[in-house]
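For reference, TrEMBL has these:
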- 11-94: domain 'EXPERA' (DOMAIN)
- 12-35: transmembrane segment (TRANSMEM)
- 65-90: transmembrane segment (TRANSMEM)
Amino acid sequence: MMGSLGTRHGLEWLLGLYFLSHIPITLLVDLQAGLPRDLYPVELRNLRQWYTEEFKDPLLHNPPVWFKSFLFCKLVFQLPFFLIPTYVFFKVSP
């Protein structure tokens, strides 16, 4: 019984870290393709440029309109959602 409880707690921490890690990635990298350039410092713009060149990501390098609409949905729906499970997995879980 204790082993399954420990496994459950470990899984909750893993999921919490997953959601927590996606918040800065979404804010600092992904949304650069859809938000005004002036919102981001040069260092973050350079990070995005390095990422798109290194991993040859055409969607972040030159985002089409349909991809920008997905980024808008990410900002409005996914980002707030990530905050909720992060809180639940770290504060509410026993």
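Here the Cβ of each residue, glycine as well, is placed from N, Cα and C on the backbone.
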PLDDT averaged over the residues of the domain 'EXPERA' (11-94): 92
Sequence-remote partners of the transmembrane segment (12-35) [C-beta within less than 8 Å, at least six residues beyond its ends]: 44-45, 47-48, 51, 59-60, 63, 67-68, 71-72, 74-75, 78-79, 82-83, 85-86, 89-90, 93
Counts by DSSP class (helix H/G/I, strand E/B, coil) across the domain 'EXPERA' (11-94): 70 helix, 0 strand, 14 coil
